[in-house]
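Let me begin by presenting the structure, written as structure tokens, before commenting on it.
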Amino acid sequence: MTQLISIDKEQEEAGMTQATELLDPALKPAETKAKRSSRKKATTAVVEPATTIAPTADVDAIDDEDSVGEDEDAAAKAKAKVRKTYTEDSIRLYLQEIGRIRLLRADEEIELARQIADLLALERIRDELLEQLDRLPSDAEWAAAVDSPLDEFRRRLFRGRRAKDKMVQSNLRLVVSIAKKYMNRGLSFQDLIQEGSLGLIRAAEKFDHEKGYKFSTYATWWIRQAITRAIADQSRTIRLPVHLYETISRIKKTTKLLSQEMGRKPTEEEIATRMEMTIEKLRFIAKSAQLPISLETPIGKEEDSRLGDFIEADGETPEDEVAKNLLREDLEGVLSTLSPRERDVLRLRYGLDDGRMKTLEEIGQLFNVTRERIRQIEAKALRKLRHPNRNSILKEYIR
């Protein structure tokens, strides 16, 4: 019986799934500085009195390999430095360019909005023609559809497109101002500006000057929406739904507000009460907000190690897998010496197939016999397995 239970334990272990360890984002190493001192040589020759000194050629070869490795590291660092400098210079140049563009007056915004509305009306007619003709219409066909001379039509088209460009370009500083508030959330500053600019273009197309408010007030909502959607869609390896990302943002704001009010870090209960949600839901959302960390993340000053090097592998080794396969084969060989009914009873009783041990009552119902009869069959089968000719095969697996 002891042998069989040990065997069953091995079978259950074989059926268990691997647990995945949730890493705390706090483990994430600090970002690498652009300027770092050059790497020192890793090898230092220590010669003991009894040690034979290597030939000069071999030593030179080793030094050459170290030199090549250091040159490659230096080249990689130089490229990273150039890339960072280029990016910073590009942003600086972009900010200088948009800073030269004059802001619009209220009357100019209204006039541009009218011209943009005329452009959108023309484009709607073009879309209708596209559906009818199943191709892009020519300028002549387009002008005829809007009942306008071709020259006048082209002037209207040019004015509308120029007005849209001017409306967008004159408000690019607004995009930069809003993008700064969303830095360090998973997207680079350039990407935030790009996404915010798309929101600004959408605002220029949807703006209704007859409502009475300024374009910048209206455009702010569209810019924020474009940026937050982009962060939700692109900043994570595992994408979160937009509504969940918005809830995470509200939790962060609430936590910051409570910290200012109380002068300390609020508890989960206090945050959940202010957010009007259960603690279980709050914990689920907080867990969803955690960012995954790559096992290839560099560790240490020299970045010569990876995070995965310090995490214990809890999976089976090849040796364990081979041992379990051999155990399974030997167990099948021993069970094959029993009668079919005895073999089936033991399989069901000790869960040798699916890992679930069934009761005598359950097995009796399957075989349409009493539980006492199943107990007798089980006892007889175990007596056979205790015979030295059978259990000697499995003894080596018992630890």
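Cβ from N, Cα, C; glycine included.
As stated in Swiss-Prot, the feature motif 'Interaction with polymerase core subunit RpoC' covers range 191-194 out of the listed 167-170, 191-194, 223-226, 279-282. For the motif 'Interaction with polymerase core subunit RpoC' (191-194), same-chain residues at least 6 beyond its ends with a Cβ under 8 Å from one of its own Cβ atoms are 94, 175-176, 179, 182-183, 227, 230, 234.
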